[in-house]
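Swiss-Prot lists E265 with the feature active site, proton acceptor. Residues or ranges marked as active site, nucleophile by Swiss-Prot on the basis of similarity to another entry: C302. The NAD(+) binding site annotation in Swiss-Prot covers K184, G241, S242, R243, R244, G245, G246, E392.
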Amino acid sequence: MQLTGHLLIGQSAIAGQNGTLHAIAAATGEPLDPAFGGASLHDLDTACALADDAFDTYRDTSLEARAAFLDAIGRHIMALGDELIERCVIETGLPRARIEGERGRTVGQLALFASLVRDGGFLDARIDPARPERKPLPRVDLRLRNIAVGPVAVFGASNFPLAFSVAGGDTASALAAGCPVIVKAHSAHPGTSALVGRAIQQAARECGMPAGVFSLLFDASREIGQALVADPRIKAVGFTGSRRGGVALMHIAAARPEPIPVYAEMSSINPVLLLPAALDARHDAIAPQFVASLTLGAGQFCTNPGLVLAVDGPALRAFEEAAAAAVRAAPAQTMLTPHIHASYEQGVAALRDHAAVELLAQGAEGNRLQARAALLATSAEAFITHPELRDEVFGPASLIVRCPDADTLHRVLKSLEGQLTIAAHLADGDAPLFAALRPLLERKAGRILVNGFGTGVEVGHAMVHGGPFPATSDTRTTSVGARAIERFLRPVSYQDLPDALLPEAIRSGNPLNVPQRIDGVPAPREANHV
């Protein structure tokens, strides 16, 4: 499939005229062909008009048709074959095996939402039958279902060019909910974005979906992204990226005459707690596992373990020595973009030069675009006193906080902002301490894990990839897993409508055979007769 640099607006490919951008080869810093034309405000208006026109038609497609569309997107992504993998490797500097794994995750995510749509449980169908005999007043007939909120704007992420980008979790869950999607592609991988966008476009055409169900825009500046969030036809936003970028979009959305939600996944340092019994027994085993997680993908994971908390003593110092040795042996790695690399170097330098911080180790040197892993340490009092030590450094750097006792460790945890993950390493003797800490961990993070690291995010029904601000903008939500669909739904209640005028999901007899609750009680999936 030849890359043209065109915008994808509905079923059309249009040459953008508002400036140009080139992908940059991550390993060399050289620009890549073709040039991608930036969208104009007119292009944005066209995409939003198409999405608005498509909304009612698309949200009323049958569950099977919508699920088949999601499955078709996955098939067309797989059909891109090596072309997609090779372009993605060049643009991002990520290894081929990582990209192949991420492609599988992306397609699997689409399949999960297709299964969710076919089941129909996301509709949350509820029926409170009329009770005309109730005294002193009769009860009306009330029925409820979820509907799609409207067209959704999605901002692709830099660090997951497939799974959090054009056909990533935000797009998949919004399409599953019945929302048309307009994606603002990330400038770090426009070629990858264009290939995946064409796959979605082809799937939409194959499945007979309305033209405006999907559009892909490139932006040579920030103008189009900001205008997209401000457009009154957009009803929700999905974003994965920096705290600064997410907060800027939140402000734009809140300032609209009709404010809308921005579901932004932003900043997290993902503390790792090394509890005393585990640290005594397994420090030599935990250290290399920690460094492997820290350096995975050049540390460019939103769940990267950027903070280690432990009670100081011989076991912690032994852990530090083992981890420092592993860091020194870690090869330098290419980062996603020169800008990300420069930001990482600045973040490490700020920590290294801080009077209260000790540099324990750095990884092997590489070229000018490659990142060296870094391990640093500080005291608990310094960490609590200096809020700048709690800033995220995006990349393979982690700060160890030495706590004099468990009470101080608790104080350090209390000083933290919201997190995506908190990992605790514990042995049998640590159970009482963990039990005492768990209420605080629940207040601070969206996912709590034991004897592991947060860098693996399973796509499933029980996953939460979210957390209190600034991990995300809305602590009630997740951007990964089945519950991600809930961000793009809203409930509608129907009172005393004749059965023939009700949506099928909440009709008597349950013609769609979807899960229903009658008077709050799950009803049998076979047709019922209310």
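Cβ atoms are placed via backbone N, Cα and C, with glycine included.
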Residues near G245 (NAD(+) binding site) in space but at least six apart in sequence (CB under 8 A): F155, F239, M266
Among E265, E392, which are recorded positions, the residue with the most C-beta atoms within 10 angstroms of its C-beta: E265
Taking residues K184, G241, S242, R243, R244, G245, G246, E392, which bind NAD(+) in the record, the widest Cα spacing (Å, whole number): 25
Those residues of the chain, 6+ apart, with a Cβ under 8 Å from that of S242 (NAD(+) binding site): M266, S267
Close in space, distant in sequence - K184 (NAD(+) binding site), Cβ under 8 Å, 6 or more apart: A153, V154, F155, G156, L217, D219, I224, G225, L228
